[in-house]
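Per Swiss-Prot, the features are:
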BINDING   9  Mg(2+) binding site
BINDING   15, 167, 168, 169, 235, 236, 237, 238, 246, 252, 253, 269, 273, 277  ATP binding site
BINDING   43  K(+) binding site
BINDING   56, 99, 246, 277  L-methionine binding site
């Protein structure tokens, strides 16, 4: 059996880039909670003892930007200079302007357009991906790297590993084989964890704790063997971290946010953007489409692309590729996708309820991935169900003599109470 290796990485919530993503999305949450029609394009950057929030925001909400910054930093664990940033003492700079009137008139007509008329906030192309290799319909390499990062944070905050500090990175290499276009995991080849720590712990203690409290609870035993390689804090020292160790900026972890290098990426970041920004809403709807295709058994693996022009509601293109794993031709799957998913930005917003802020809804997306999460706030993860009735009908027609076909079809029409249901393969409701 010929196999290949594929690697995905992740970073946890204390990484400076992820800190910025979380602040940007915390601002978005605050705006949408008070004013669902807020137009938000919020960026954040950070370096030693400083956080800056900047961008374009048009909202009726009364937002205390400095408080959001400090609360977000504190909740992550940046509570002293020793760990890389002190939430209560750092400088907070704010430079927010209104959305450009040129953009406003073209996209939403200064709030006068109906939802179906709202145009895309910018040009661009977005990708959604799904695979049947995990229950989350996500790539295993990405799932494991992401869960390791989340587990690092969990054992830091619950005191299991008190020597841990907020910053950290993970990486997992999985050995796969190709099963007629589908990807089947065989084993975990390599696990890499680099985590910030205090001065009190030895490298041997770090390695032992990471294996026992982080790796073992996350990676299923069936994927680990005597050949699995572990690189645990291979640099030998990681005391200086967070914004003290590296500058951070919103939107620099877009592969970690999505599929860990699988599928494709259009280049647009998500955090700090309201749903008129198709970088975010477009990526969410094509994830739902791709996941629905795989979850309904139409394919084992699928990528969906959508593209937009600024100010134009209808997408310029929609594309589907099942990598040869489709149960029916890709052109038929594309037809089903177009019939069941509305790719206009205003309608995506309604169908996925993307104007709803609060409850840290978008803040939750800003660490540990936007996809594959079991959370009711992640509405784009809801699979549109399939009936599959016409596929069964096709099988009956093949095996039953022609003289009975009209009778069978008539009976089925009465049972289904709709001739249309018989015509459409795998119709998603």
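The backbone N, Cα and C atoms fix where each Cβ goes, and this holds for glycine too.
Keep in mind the model is a prediction, meaning the values are calculated, not measured.
Burial and contacts for the listed features, if you can.
Following the DSSP three-state reduction, the secondary structure of residue 9 (Mg(2+) binding site) is strand. Summarising the environment of residue 9 (Mg(2+) binding site), the number of other Cβ atoms within 10 Å of its Cβ, over all protein chains shown, is 20.
Residue 15 (ATP binding site) falls within neither a helix nor a strand when secondary structure is assigned with DSSP, and so counts as coil.
Of all Cβ atoms in the protein chains displayed, 22 besides its own lie within 10 Å of the Cβ of residue 43 (K(+) binding site).
Counting only same-chain residues at least 6 apart in sequence, those with a Cβ under 8 Å from the Cβ of residue 277 (L-methionine binding site) are 41, 121, 122, 268.
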Given the binding-site residues 15, 168, 235, 273, which one's Cα is the least distant from that of residue 99 (L-methionine binding site)?
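In terms of Cα distance, residue 99 (L-methionine binding site) lies closest to 273.
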Can you give me the same-chain residues 6 or more apart in sequence from residue 253 (ATP binding site) with a CB-CB distance under 8 Å?
11, 15, 17, 18, 21
Largest pairwise Cα distance, Å, within the listed ATP binders 15, 167, 168, 169, 235, 236, 237, 238, 246, 252, 253, 269, 273, 277?
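Maximum Cα-Cα distance: 42 Å.
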How far apart, in angstrom, are the most distant Cα atoms among the L-methionine-binding residues 56, 99, 246, 277?
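Greatest Cα-Cα span of the listed binding residues: 30 Å.
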